[in-house]
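Undergrad: Okay, here's the structure, questions in a sec.
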Amino acid sequence: MTAKQAVHLLINARWIIPVVPANRVFEDCALVIHRQKIIALVPQAEARKRFEPEQAVNLDRHIVIPGLINAHGHAAMNLLRGYADDFALQTWLNDHIWPAEAEHVDAEFVHDGTELAIAEMIKSGTTCFADMYFFPEQAAQVARKAHMRAQITFPILDFPTSWGQGPDDYFAKGLALHDEYRADDLIRIGFGPHAPYTVSDPHLAKVATLAEELQAPIQIHLHETVQEVDDAYRDTGVRPIERLYQLGLLTPQTQCVHMTQLNDDDIQTIANSGAHVIHCPESNLKLASGFCPVAKLQEAGVNVALGTDGAASNNNLNMLEEIQTAALLAKAVSRDPAALNAHQALACATLCGAKALGIDDITGSLEVGKAADIVALQADDTSALPIYDPASALAYNNRALKVSHVWVAGRALLLSGHLQTLDERDIRARTEQWQAKIKPVRSQP
Ligand SMILES: CSC[C@H]1O[C@@H](n2cnc3c(O)ncnc32)[C@H](O)[C@@H]1O
Ligand SMILES: [Zn+2]
């Protein structure tokens, strides 16, 4: 008899949806984890014969999936959740959010807001998030403490903010941060030019050059509203996508967020460039920005990932909800009930997110050799039953499921619903202090 192989962790689960291979559900199988990686996905009986785990977790009423990837957000804006609802983007930004940010955002705000956001993300099954916000060094520090995987893009805008005096300052601070995290296993620093209407040509061109040189990602809000595209066309004679293309900013390293205003030429330009689309359906609905044509983009070969955007325009960071909204909306927009089925919607929130962030060799599916970024959802509440197809439960009835366990690179961040790397009581106390300090200006109806 050959000796059993010693491994760190064995996860036995009722259902495992690995995402790769696509459209598959493995029943009564086990994931075997050694060091930070998945080393096998086999039937439980075989796992018992072959492996001697340091720790075994039995999840016999659970659905196990790859960790969810929130491909766009502004984590610290969790402290502005519910601050200004029911406005269109430009009114929301100009009259409410930017004045609030000018008054309140500092390093401590970003530290505390990001910690609040990461706690929410872990508890709702997210293992990796893309962030674009001021004081990105704070976001990176908190992500590192929480052991979350993250892409942190440092903001570039033409004007001064509480984080810096203007573009030169932002580039200097951001590049230093990129250097600091160059060898980090979980955190990658990229460029976050805010939007075509807040960043001028020379700075966009500089982002393109530096990103190419450093092989770093770029994330930008793009074609979010009718007003953005109409104003740009009036002022420049081209649509923002065309301007970005001319400046060399559309490459496979580029993540275009929102993209609700797309004609056939725009879709072709994006497809040809290899740039990725980050679809934020709930933020787009709430700000009444428009609809991202997901089915058309996918048909054209564009990779579409999912993001929540910030909690000030969503108003939560729950990627399971985002999966459901994306799946329902895709059907309505394309008038095709088969558009974005349950497995495809889950893929958008996992593998496609990893592709967009350029980390699909590391995460995004439960494949042997990938990092153990794993989420388990308890699925035994009567409101979840019966479960004929766990992918259906995930996409269309996920309020009935409860995220119970979360691992990133094999380390537990959530065990039986309890955070392992963050102190929830402390987060609550600090959030209450911010709530007392930040007073929303409410106009009377
Ligand atoms: C440069 S840091 C991020 C900056 O973006 C603002 N923001 C949040 N949500 C959106 C959105 O949907 N479109 C454009 N800008 C957005 C945020 O408040 C920060 O100022
Ligand atoms: Zn955003």
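Positions of Cβ are set from backbone N, Cα and C atoms, glycine also.
TrEMBL labels come from automatic prediction, so no person has curated them.
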Undergrad: Check TrEMBL for me: it has E101, H194, D309 binding substrate, so pick out which one of E54, E137, E224 it puts in that same site.
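TA: When TrEMBL describes the substrate site, the candidate it includes is E224.
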Undergrad: Among H221, H223, H405, indicate the single residue that TrEMBL lists for the Zn(2+) site containing H72, H74, D309.
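TA: The one candidate that TrEMBL places in that Zn(2+) site: H221.
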Undergrad: Cβ within 8 angstroms of the Cβ centroid of H72, H74, H221, D309: which residues besides those meet this for the Zn(2+) site?
TA: G73, M132, V257, H258, I278, C280, S283, G307, G310, S313
Undergrad: So which of E101, H194, E224, D309, listed as binding-site residues, have a Cβ under 6 Å from an atom of ligand 2?
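TA: Once distances to ligand 2 are taken from each Cβ, D309 fall under 6 Å.
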Undergrad: Give the distance between the Cα atoms of H194 (substrate binding site) and H72 (Zn(2+) binding site), rounded to the nearest whole Å.
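TA: Computed Cα spacing between H194 (substrate binding site) and H72 (Zn(2+) binding site) is 12 Å.
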Undergrad: Any same-chain residues 6+ apart from H74 (Zn(2+) binding site) with CB under 8 Å of its CB? Would you list them in sequence order, or say none?
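TA: D131, M132, Y133, D309, G310, A312 - these are the non-local Cβ neighbours of H74 (Zn(2+) binding site), listed in sequence order.
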Undergrad: How many whole Å apart are the CA atoms of H221 (Zn(2+) binding site) and E101 (substrate binding site)?
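TA: With the alpha carbons as reference points, the distance is 18 Å.
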Undergrad: Consider only the binding-site residues H72, H221, D309: which of them have a Cβ under 6 Å from an atom of ligand 1? Write none if no residue does.
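TA: The ones that qualify, in sequence order, are H221, D309.
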